[in-house]
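Enquirer: My questions will all concern the structure given below.
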Amino acid sequence: MSEDQEAARAAAKRINLQEKANNFMRQYRDPNSRELKKLSANQFMEVWSHYDKDGNGYIEGTELDGFLREFVSSAISSEVSPEAVSDAMLVELMKCFMEAYDDNEDGKIDIRELAHLLPMEENFLLLFRFDNPLESSVEFMKIWREYDTDGSGYIEADELKNFLRDLLKEAKKMNDVSEDKLIEYTDTMLQVFDSNHDGKLQLSEMAKLLPVKENFLCRQVFKYGDEVSHRFLKDRHAKGATRLTKEDIERVFALYDRDNNGTIENEELRGFLKDLLELVKKDYDAQDLHDFEETIMRGVDYNEDGKINKKELTMILLALAKHNTDEA
């Protein structure tokens, strides 16, 4: 290669780096049509990591402002800088954008919403399960038990790869995915969801990868503070007016008693306790769930059968609702 060619290549590289620095999204658009190119799993991760600067799992606040400015200006022309998007225009863009893509209406963009927005490899997009959320945490706990094959309390890289392989098989797309691609998907999913960077997924991290349609216990009547275990023990005999109805109790019991045998047990019980734990603890692992189970069952499982019947569930829910009423 001649000196002139090397100089030209170096200059082109500098221009590309400068353009990337000025507008990160521009590199992912076709230079002629300005349409977004189809992103690989690794490229999607690059975009996510660039805009989720604080690593909290959301693009929000100034991060969202910056993303929208660059997203819009990159679509117009290479000569248009993000600063060309005025504050007034940004407000209007924000409103339209969030109406279209903020599915849960929380005012920020999570990783699934971004995946819905950007064009990506079809197989990788399938792993976000947009159209197939789990019915309940009971189903989640059954999947957890199936793939935590060594019983370590974590989904490690090989176990996650097996899970993703089966997920794609279920979607009848496995023939399109090579082993190298599967490894790339596994590595990317670990980067996205392994928030404590220990190379494996704990319960709360896997729960973000494999979402449940709704945690019914998140509804207002069940919201409560941090000292959950102590309150169950303290308030289990308490009586008084609450906003909890008989229909609420029946619905919760039916939600977790999946086999309709009249008790909540095994994965049903752990699914119920996972939903309770999520109300007070953002990050939790299998040991947290085990400790939580021991404390709760010590407080309500009078017949010591390791299961929850409707009467015992009622005591738990009344304690939650009573505490919520007392704090209101």
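Backbone N, Cα and C atoms are what each Cβ position is placed from, and that goes for glycine too.
Residues annotated as domain 'EF-hand' in TrEMBL: 39-74, 89-124, 135-170, 181-216, 244-279.
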Enquirer: With a Cβ cut-off under 8 Å, give me the same-chain residues at least six positions beyond the ends of the domain 'EF-hand' (89-124) that come close to it.
Expert: 28, 36-41, 44, 47-48, 57-61, 64-65, 67-69, 72, 130, 168, 173, 176-177, 181, 185, 188, 192, 211
Enquirer: Please work out the helix, strand and coil residue numbers for the domain 'EF-hand' (181-216) from the DSSP assignment.
Expert: 21 helix, 3 strand, 12 coil
Enquirer: Report, as numbers and ranges, which residues of the same chain sit near the domain 'EF-hand' (181-216): CB under 8 Å and 6 or more residues beyond its ends.
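Expert: Sequence-distant neighbours of the domain 'EF-hand' (181-216): 40-42, 44-45, 48-49, 55, 57, 111-112, 123-124, 127, 129, 133-137, 139-140, 143-144, 153-157, 160-161, 164-165, 168, 222, 251-252, 255, 274-275, 278-279, 281-286, 288-289.
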Enquirer: Excluding the flanking five residues on each side, which residues at least 6 beyond the ends of the domain 'EF-hand' (244-279) place their CB within less than 8 Å of a CB in that stretch?
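Expert: Same-chain contacts beyond the flanks: 136-142, 145, 203-204, 207, 212, 215-218, 221-224, 228, 288-289, 292-293, 296, 305-310, 313-314, 316-318, 320-321.
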Enquirer: Report the DSSP secondary-structure composition of the domain 'EF-hand' (89-124) as helix, strand and coil residue counts.
Expert: 23 helix, 2 strand, 11 coil
